[in-house]
Amino acid sequence: MLHSQLPVAAPLRLLCALLLLPSVTMIPGGLSPRSVTDPDVQEAAEFAVQEYNALSANAYYYKQLRIVEAQSQVVTGAKYYLTMELMKTKCAKTTGKPKVYKEIQNCELPPKAQQEKLTCRFQVWSRPWLEKIELTKMSCN
C-alpha cells in the first residue's frame, strides 16, 4: 500500500511547492519590469526626451544619459513608466525647427563644473494601431 502512494505523493508535493513560490507571471493591467534595452522602451524614452525638450522652458536642450528603470502596463495599448537621467547640453533652443532626438543626443555636454543632471519620471502611452504615442505624465528634479 505504501509503495502505491509514492507516485502520487511526489507530484502533489511538487504542486504544493510551486503554489508557494512568488508569482512571476504578468498580471493583466499590472506593472511589469522591462529591460531598458527593449526596442519599445527605447522608442518610448526617445519620445519622452523629445517631448520634455518641447514642453520645458529651458533655454538649452537636455539629452538622455540613461534609462534607470522601465516598467510597462497593458492598457488600451501599452503604458511605459520610465525613470531616466537627462543632462543639459550646450545646444541652445533657437527659433525655427526644433531638434529631433538623434540631433539632441549628438549635442555636446558643458564642462563638468557646469553640468546639470535631472532625474525624470515619464509615463508614455503607446497605441501603435492608431499611430499614436503621447506623454501622459512628467516630473523632473
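Each position is counted from 1, following the chain as shown.
For all residues, glycine too, the Cβ spot is worked out from N, Cα and C.
Database features (Swiss-Prot):
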DISULFID  Cys91-Cys107  disulfide bond
DISULFID  Cys120-Cys140  disulfide bond
MOTIF     73-77  motif 'Secondary area of contact'
SIGNAL    1-26  signal peptide
SITE      Gly29  site 'Reactive site'
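Sequence features annotated in Swiss-Prot and their locations in the structure.
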{"residue": "Gly29", "record": "site 'Reactive site'", "Cβ neighbours (10 Å)": "8"}
{"residue": "Cys91", "record": "disulfide bond", "Cβ neighbours (10 Å)": "18"}
{"residue": "Cys107", "record": "disulfide bond", "Cβ neighbours (10 Å)": "17"}
{"residue": "Cys120", "record": "disulfide bond", "Cβ neighbours (10 Å)": "19"}
{"residue": "Cys140", "record": "disulfide bond", "Cβ neighbours (10 Å)": "13"}
Report summary line: Whole-Å Cα distance, Gly29 (site 'Reactive site') to Cys107 (disulfide bond), is 38
Query raised in the report: What three-state secondary structure does DSSP assign to Gly29 (site 'Reactive site')?
Result: coil
Requested in this report: Give the distance between the Cα atoms of Cys140 (disulfide bond) and Cys107 (disulfide bond), rounded to the nearest whole Å.
Outcome: 20
**Report entry** Within the predicted model, mean pLDDT of the motif 'Secondary area of contact' (73-77)
**Finding:** 96
Query raised in the report: So how many of the residues in the motif 'Secondary area of contact' (73-77) end up helix, strand or coil by DSSP?
Result: 0 helix, 4 strand, 1 coil
Requested in this report: Quick one: pull the CA-CA distance for Cys120 (disulfide bond) versus Cys107 (disulfide bond), whole Å only.
Outcome: 19
Report task. According to DSSP, folded down to helix, strand and coil, what is Cys107 (disulfide bond)? Result -> coil
